Amino acid sequence: MKIIVLAKQTFDTEAKLSLDNNGKIDGQGVKLIMNPYDEFAVEEGLRIKEKTNGEVTVISVDKEQDQDALRQAIAMGADEAVMVVPGDVELDEYATATILAKVISKMEYDIILGGFRAIDDGSCQVAGRVAESLNIPVVNMITEIKIENGKAQATRDIEGGSEVIEVKLPAVFTAQKGLNEPRYPSMKGIMKARKKPVKIIRLGELGLVEDQIAAKVKPVSYTLAEPRKAGQVIQDEPAKAVSQAVKLILEKVKVVV
Amino acid sequence: MTKGIWVFVEHRENLIKKVVFETLSEARKIADQIEDELCAVLIGKSNDSLVESLSEYGVDKIYLAENDVLKTYTTDGFTNVMSDLIRKYEPRALLIGCTINGRDLAAQVAQRLATGLLTDCTGIEVIDSQLVFTRPIYAGKATVKASCKTNPVIATIRPNTFAAVQNKKDPKIVKTVTDCGNIRQVVIDAVRQVSQRPELTEANVVVTGGRGIKGPENFKLLEELADVLGGAVGASRASVDAGWAPHSMQVGQTGKTVSPTLYIACGVSGAIQHFAGMSSSKCIFAINNDPEANIFKIADYGIVGDLFEVVPLLTEEFKKLKASS
Ligand SMILES: Cc1cc2nc3c(=O)[nH]c(=O)nc-3n(C[C@H](O)[C@H](O)[C@H](O)COP(=O)(O)OP(=O)(O)OC[C@H]3O[C@@H](n4cnc5c(N)ncnc54)[C@H](O)[C@@H]3O)c2cc1C
Ligand SMILES: Nc1ncnc2c1ncn2[C@@H]1O[C@H](COP(=O)(O)O)[C@@H](O)[C@H]1O
């Protein structure tokens, strides 16, 4: 089974945010981690590979030097890593997905896995858009997947419960927490990841003209959130503290009807 | 010319999701500002009571796409119908509640129509006759305002962000396309927990238990408090990972984003990843026995104390208030 995993790096949540001279989020010197949902996707890809004697290729659209997530995936056990380097063009989710779909359309694949959301500017759409562009079905937010006879049965979250969806392969699935516990890279894996070259693909090689990947979304401005101010902490004997707190809460918001 | 601000009507078992009314109310204001019409798009099986409740929220027109095949949500079924409707009527904007299925639908329609999608929005405004949306990013540490260069702009709206305001109208009903196309997802099973409590992301009050709750049996305390306030119960990742609560209850960066009027954090330390999921709560109230806990730096009010003592007292206090009101 040929398995493709879409993975990207995100800001570490602990990272302090600032704006650059152009008023955009400043990525300089920020620690990056593999998007946690993509770790679930890599892990699931590896499990399917182990069961089906398959092959896992991890793909990212990012800056050439930002290869840590890809190398982490190799260290975990992925076979190939591909970095698509867009260069200077401004990408939005439409553009990113269109590029990914183009790269994948030139490959063999039975199953594509991604995260349901990137935790930084998380928009929950790139993987689904890739499915649409490739004209294959998507099942989002899965917590379980079984593959048999060219079909997959995936359990996905819905509000207040879950449902089981069956689709024919190839298809795209996005990982929700609960799908699995990602493994730690082995020593051997880490060594391999150091040596294994990442395949670099430049936009020009893909045969996409600029028009096809022109961003649809236009950011107008970025603002850093005002940190929430510490409020009033009540230190009193419990009964008194509670009645005072309830009074204060009800002065601020209406919750008891 | 493109015309109309559309709102997708998510409904189940004859009930329309609260976020639909919230979105309609805000969209009504925008439609008035730009002198456009507000349309609701109802896909599935409609009936008088659904139409009736939509007419309470300022809708000018309702597009009905009915077909038995659309009784249950499927990605393809709803994407096919919605995309066809958009191609036919060319609205200016499509707004969808940022729910699990709402997000699912929005991404597929956006790619099919080669247009932009802004997710989890908490603000809509008109700048130079363009719709501009505000969305929190980077775990709530920043916001971005963005517009879309193509029509329609698609946006998903965070539940509990806008107030639902009644505004009776007599909407025109347009029965329309029902060709569902090829549906590749087959729903072979669905399980729903029966709960009297509201859905976590829609609840007005959320009571969350962190590691300080010490065990699954103690969530009962939080449920009692939540029930007095008509709220839902959430959990931190620490208590989910300990197996005390299902993942569906997790609030935070790798869980749900909630935006209730009142958020009560019990035995939660207030890690940044937790904050990411509840930072837009209107009022945060924390109970923690460690006066140095981070949660007090972000809470509006807090009590330093043992939650096993404080939570039952709190439940009693709210009960008393309810009885006397
Ligand atoms: C990539 C990533 C994603 C993450 N995503 C999430 C997420 O989505 N949601 C999330 O919540 N976390 C998430 N985390 C984990 C997060 O960093 C914290 O570890 C977690 O939120 C801690 O949970 P907690 O506050 O319940 O536990 P703790 O940090 O252990 O805090 C327990 C608190 O309870 C208090 N306490 C103990 N006993 C009592 C008592 N009797 N009465 C009152 N107070 C008491 C203690 O003083 C303490 O402050 C994520 C972490 C990473 C790295
Ligand atoms: N630049 C990218 N390169 C590879 N995969 C991506 C990229 N951006 C998003 N994805 C995939 O799409 C998922 C959802 O991302 P998003 O739509 O940004 O929330 C991620 O978890 C990844 O699996």
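Cβ coordinates are placed from backbone N, Cα and C, and glycine is handled just like the others.
Residues or ranges marked as FAD binding site by TrEMBL: B:R211, B:236-237, B:250-254, B:267-274, B:N288. Its own atom aside, the Cβ of B:Q250 (FAD binding site) has 25 Cβ atoms within 10 angstroms in the protein chains shown.
The domain 'Electron transfer flavoprotein alpha/beta-subunit N-terminal' annotation in TrEMBL covers B:5-190.
A distance below 8 A between C-beta atoms marks B:Q253 as the binding-site residues from B:R211, B:Q253, B:A271, B:H274 lying next to chain A.
Applying an 8 A CB threshold to same-chain residues 6+ apart, the list for B:H274 (FAD binding site) reads B:G210, B:S236, B:R237, B:V251, B:G252, B:Q253, B:V268. Every protein chain shown contributes to the tally, and the Cβ of B:R211 (FAD binding site) ends up with 16 other Cβ atoms within 10 Å. In sequence order, B:S236, B:G252, B:N294 make up the list of same-chain residues 6 or more apart from B:A271 (FAD binding site) whose Cβ falls under 8 Å from its Cβ.
Summed and averaged per residue, pLDDT over the domain 'Electron transfer flavoprotein alpha/beta-subunit N-terminal' (B:5-190) gives 95.
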